[in-house]
Each structure stands twice: as structure tokens, then as C-alpha cells.
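Q: Quick one: structure below, then a few questions.
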Amino acid sequence: MDVFRRMANFNTHVGVATTASTAAATTAANLGLIELIDAPWYIFIGVIGGMLPDIDADNSTPVKRLFMLLAGLSSAGAWVVFENLMAPQRLMLLAVVTFFVVRYPVFFLFQKLTVHRGVFHSLLAAFFFGLLTTCGSHYILGWNILQSWLNGLFLVIGFVVHLCLDELFSVDLANGRMKKSFGTAFKLFSYKNMTASVLLFISVVALFIVAPPYSHLLQVWQRLHWVKTEGSC
């Protein structure tokens with residue numbers, strides 16, 4: 001029964017993240033920010049963001065699946081980066097090694113060093129992963145600036161939706177009371193581990209400094225504001 005509840009909770013997060021990301025992708029397509037054919041990719045990124053807050057959860061099936069996915073993405077990223085620099089045999093070996101390193105040693109260390117609903121279950125972590133995705137998309141995968149920022153933005157959308165959903169489930173509406181987990185899901189940073197929070201904040205600042213120019217995001221915001229203004233007239 002406990003396994004079923006974890007799976008149901010996992011499925012709920014995936015379903016809600018998919019719905020939110022689909023709505024965001026549809027809006028972006030209607031505004032001309034993305035091509036409709038690219039919408040499934042951004043929805044996929046949003047779903048990844050919707051699973052990331054539970055990356056520090058206990059050794060459960062959903063977390064294993066998430067790390068399996070991250071290992072696959074890391075392996076694909078290594079292939080793209082070194083595709084023109086290595087012989088096919090060595091490239092294949094690198095991809096396989098990258099997959100197993102992320103899936104097993106990194107997963108093991110992550111489980112040992114993190115606490116569920118700790119530093120990675122916060123808005124600060126959402127900004128960290130969003131900026132990391134933006135920088136990786138632009139500098140490693142070679143995506144243009146707007147696409148890179150949209151990748152990071154969609155990941156943040158899924159991430160924040162997860163936090164909001166967890167916080168909503170911490171309220172017992174039937175009995176009109178707050179559960180013990182209230183306040184542990186949607187928070188700015190981890191108040192119980194200030195050292196980790198400070199390190200994460202420094203990482204966010206560093207990523208923001210090296211990130212591609214955010215003027216494209218300002219243009220997106222201005223376009224959204226213009227559409228809203230036109231709609232109210």
C-alpha cells in the first residue's frame with residue numbers, strides 16, 4: 001500500500017506538471033515564441049521540472065526512474081558535446097560510462113548527502129536548476145538564447161508547480177487543520193540547513209552571472225504585457 005501511495009503521488013505530480021506545461025507551451029506557441037512542433041519538447045522539460053524536487057526523496061521507485069532519466073540525458077549530452085572530437089568507439093564508451101556513473105555512484109552519493117524536502121525542495125533550487133538548464137542549453141548544446149531561457153523557464157514552471165502541489169497536500173481540508181509537513185514544501189530556501197542554502201545561493205548567483213543575456217526574457221514579458229493590455233481594451 002505504501003508503494004502504491006508513492007506511485008500515485010508520483011503520477012499526480014507528473015500529470016499536473018504535464019497539464020501546466022501544456023498550457024504554458026500552448027500560450028507560448030500562440031504568442032509566436034515557439035513553433036507548435038517544438039511544444040512537446042518544452043512540455044517534456046516542464047515534466048522533468050515537476051519531478052526534480054523529489055530528487056532527494058527516499059530510495060523509492062520514482063526517484064530511481066528520475067535518476068535513470070537524468071543518466072540518459074547526461075549520456076546524450078556527453079555524446080552531443082564530444083561527437084566531433086572522438087572516434088565512434090570511444091564516443092560510445094563515454095556515453096555508456098556517463099550513464100552508469102550518474103545512475104549509480106552519483107545517485108548513491110546524492111542519497112547519502114541529502115535529506116528529503118531539504119535544500120533541493122525550495123524556490124532557490126528551482127532558480128538553480130532553471131539557470132543550470134539555461135546555461136547548459138546555450139553553452140553546451142548550442143541552443144540560441146531565447147530557446148535556452150525558455151528551457152530554463154519551463155523547467156522552473158514544472159518545479160514550482162510541484163512545490164505548490166506538495167504544499168496543497170499538506171493541508172487537511174477535511175479536518176480543517178495543517179499537517180506536520182506544512183511549510184516544508186513551498187519555501188524560499190532550506191531554513192534548517194543554512195550552509196547548504198548559502199552554497200546554493202552562491203551557485204545561483206554564479207550561474208546568473210555567466211548565463212546568456214536575459215534581455216530576451218524581458219522582450220517576452222513585454223509581449224505578454226502587450227497582449228494583456230490589448231485584451232483588456
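A Cβ is built for glycine as well, from the same backbone N, Cα and C atoms used for every other residue.
Note that TrEMBL annotation is computational and uncurated.
If you look up TrEMBL, you'll see 39-55, 67-85, 91-110, 122-141, 153-174, 195-214 marked as transmembrane segment.
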Q: Are there residues at least 6 beyond the ends of the transmembrane segment (39-55) whose Cβ is under 8 Å from a Cβ of it, and what are they?
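A: Residues 10, 13-14, 16-18, 20-22, 24-26, 28-29, 62-63, 66-67, 69, 110, 114, 116, 120-121, 125-126, 129-130, 133, 150-151, 154-159, 161-163, 166, 185 contact the transmembrane segment (39-55) from elsewhere in the chain.
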Q: Taking residues 6+ outside the transmembrane segment (122-141), which of them lie with a CB under 8 Å of any CB in it?
A: 45, 49, 52-53, 77, 80-81, 147-149, 151-153, 155-156, 159-160, 163, 186-190, 197, 200-201, 203-204, 207-208, 210-212
